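What TrEMBL says about this one:
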type: DOMAIN; residues: 4-146; note: domain 'Glycosyl transferase CAP10'
type: COMPBIAS; residues: 153-164; note: compositional bias 'Basic and acidic residues'
type: REGION; residues: 153-177; note: region 'Disordered'
type: COMPBIAS; residues: 168-177; note: compositional bias 'Basic residues'
Amino acid sequence: KENPELLDAGITGYFFFREKEKELGKAQLMGFFDFFKYKYQVNVDGTVAAYRFPYLLLGDSLVLKQDSQYYEHFYIGLKPWKHYVPVKRNLEDLLEKIKWAKENDEEARKIAKEGQLTARELLQPHRFYCYYYKVLQKYAERQASKPEIRDGMELVPQPDDRDSVCNCHRKKPLRED
């Protein structure tokens, strides 16, 4: 409710703190595509990494991303101030960062565009496949016991490696140093 000239924000559901709803009120749900009517998007975690972050990057808005203890596979290809504007975990610098974006419109547009283009590359299906390939490979390396083939299990033939969309075992993932 503070700084309405900078923020249009609210809580749409109090799943764990229902008593707060009477005290603080509840914001109306907004359609996802309506988010993109706004020039800036604030991405805040919940109990996990905010699931909407990749979608926000793919829009035209500048994303202000809260520093997070959570990690998703595509974060490795993103850099603060190049693909999004970082905000402290406790959000104490959020208003300052919004003011920066308003005062530096051209730079903010460049960051938003770079975030969008990079997200388009990082979120391609073959990158998901490669990530899960690597996760399952590491998991298999850590298995203590040998897998047991039980009755009722059937062999699933693997496609010829040359036809595979996933070539992560052949080259390094996208990463800027």
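One is the number of the first residue shown, and numbering goes on along the chain from there.
Quick reminder: no glycine exception, Cβ is built from N, Cα and C everywhere.
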Secondary structure composition of the domain 'Glycosyl transferase CAP10' (4-146) [DSSP: H/G/I, E/B, coil]: 70 helix, 14 strand, 59 coil
For the domain 'Glycosyl transferase CAP10' (4-146), the mean pLDDT of the predicted model: 92
